[in-house]
Amino acid sequence: MNKSKFLVYSSLVVFAIALGLFVYLVNASKALSYLSSDPKACINCHVMNPQYATWQHSSHAERASCVECHLPTGNMVQKYISKARDGWNHSVAFTLGTYDHSMKISEDGARRVQENCISCHASLSSTLLENADRNHQFNDPKGASERLCWECHKSVPHGKVRSLTATPDNLGVREVK
């Protein structure tokens, strides 16, 4: 076999192996699931089981998915930029073992969730607007003295996450259809 044919065949073999590894990693990591809005993508990592289980048993389970609360709404570009940035940060943290096992929301994540709480509840509930008090000033961009919704509404939607971390199988979260 001459040298040029050997290089072509060798290159094809290396490319095929690299492609096979790439396909395997995409499949093993369930990478395509992260492009969806399916809340089950959030439990690809066992660390999120308590958050998924508490959301699943909350009033929000029938009305809002994880991405509707945790990612920007309205602008698809911003949504996927945030999703990619968060995914990259999570991947690096889990790969290097530098993540906080108690899973605390980031400052940017808290801002997005707060904006989505206000957006969803301000548009859905005229009662809250009519009876607005100092804690529910939805029309004020700073809100009620910059309080976060979950400071008062502690059980929405994740409830007592810490108590679920010790629950065997986290309420059967893996069997959810």
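Glycine residues also receive a Cβ, built from the backbone N, Cα and C atoms like all the rest.
Feature annotations, reproduced from Swiss-Prot:
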- C42, C45, M48, D86: heme 1 binding site (BINDING)
- C66, C69, H70, H158: heme 2 binding site (BINDING)
- C117, C120, H121: heme 3 binding site (BINDING)
- C149, C152, H153: heme 4 binding site (BINDING)
- 1-5: topological domain 'Cytoplasmic' (TOPO_DOM)
- 27-177: topological domain 'Periplasmic' (TOPO_DOM)
- 6-26: transmembrane segment (TRANSMEM)
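Overlay of Swiss-Prot annotations on the structure.
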{"residue": "C42", "record": "heme 1 binding site", "DSSP class": "helix"}
{"residue": "M48", "record": "heme 1 binding site", "DSSP class": "helix"}
{"residue": "C69", "record": "heme 2 binding site", "DSSP class": "helix"}
{"residue": "D86", "record": "heme 1 binding site", "DSSP class": "helix"}
{"residue": "C120", "record": "heme 3 binding site", "DSSP class": "helix"}
{"residue": "C149", "record": "heme 4 binding site", "DSSP class": "helix"}
{"residue": "H158", "record": "heme 2 binding site", "DSSP class": "coil"}
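Helix first, then strand, then coil: DSSP counts for the topological domain 'Cytoplasmic' (1-5) stand at 3 helix, 0 strand, 2 coil. Comparing the Cα of C120 (heme 3 binding site) with the Cα of every entry in C42, M48, C66, C69, H153, these being the binding-site residues, the smallest distance points to C69.
Under a cutoff of 8 A between CB atoms, and with a sequence separation of 6+ in the same chain, the neighbours of M48 (heme 1 binding site) are C42, M103. With the fewest other Cβ atoms inside 10 Å of its Cβ, the least crowded of the binding-site residues C66, C69, C152 in this structure is C152. Separation of the C-alpha atoms of C66 (heme 2 binding site) and C117 (heme 3 binding site): 12 Å, rounded to the nearest whole number. Nearest by CA distance to H70 (heme 2 binding site), out of the binding-site residues C45, C117, C149, C152, H153, is C117.
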